[in-house]
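Below: one structure, written as C-alpha cells.
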Amino acid sequence: MAIRNLRFLGDELLRKKSRRVEKIDDRIQALLDDMLDTMYENNGVGLAAPQVGILKRVVVIDIGEGPLFLINPEIIEQEGSYIEQEGCLSVPGRQGEVERPYRVKVKAQNRDGKEIIVEGEEFLAKALCHEIDHLNGVLFVDKIIDVKGE
C-alpha cells in the first residue's frame, strides 16, 4: 500500500471520462488499497481513481462507517434534492454549495467482483454523486451554486 500523488484542478486528466474495469486483478486491488490510504492521509471522505491519475471507474468512500470500494459504479435511482457545502481533495481551499439528490441508489461491483447495491441519503448520497462525477470528468466546481474560499 502506498500514498499516491493527487491531481489538482487544471490537470486535464480530471476532465476525461474514465474507462470501465473489465477485470478485477491484483493491480485493481492495489489501486483500491492505495486510494484508501491516500484518502485517509489527506483527510478525505471519498476518492476517485482519476484523482490519482488513473482513468478507471474506481471509487473509495468512507463517511465514518467503514470503507466502501466501488468498481464501475452507476446511479440507478435518485430522488429529492439536497443542497450542502462541498469541497474536494483535487480543489484545495475551495468550497461551495452544490445541489445533489437527497437519496441515491448505486449499482457497482465490490472488490471481489460481486454486484452490490448501495443506497445513501444526504451525506452518503452526496459523496456517491461527487465521486461518480469524477469518473465522468465533472468536478464539484462545475455545479457550485454559491462559492466559498479562494
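Our numbering is plain: 1 for the first residue shown, then up by one each step along the chain.
The backbone N, Cα and C atoms fix where each Cβ goes, glycine too.
For reference, Swiss-Prot has these:
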ACT_SITE  Glu131  active site
BINDING   Cys88, His130, His134  Fe cation binding site
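Features recorded in Swiss-Prot, as mapped to the structure shown.
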residue	record	Cβ contacts under 8 Å, 6 or more apart
Cys88	Fe cation binding site	Arg94, His130, Leu139, Phe140, Val141
Glu131	active site	Gly46, Leu47, Ala48, Val59, Ile61, Leu70, Pro73
His134	Fe cation binding site	Leu14, Ser18, Ala48, Pro50, Gln51, Val59, Ser90
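If you draw a 10 Å sphere around the CB of His130 (Fe cation binding site), it holds 23 other CB atoms from the protein chains shown.
Compute the center of the Cβ atoms of Cys88, His130, His134, which mark the site for Fe cation; besides them, the chain residues with Cβ within 8 Å of that center are Gly46, Ala48, Gln51, Glu86, Leu89, Ser90, Glu131, Asp133, Leu139, Phe140.
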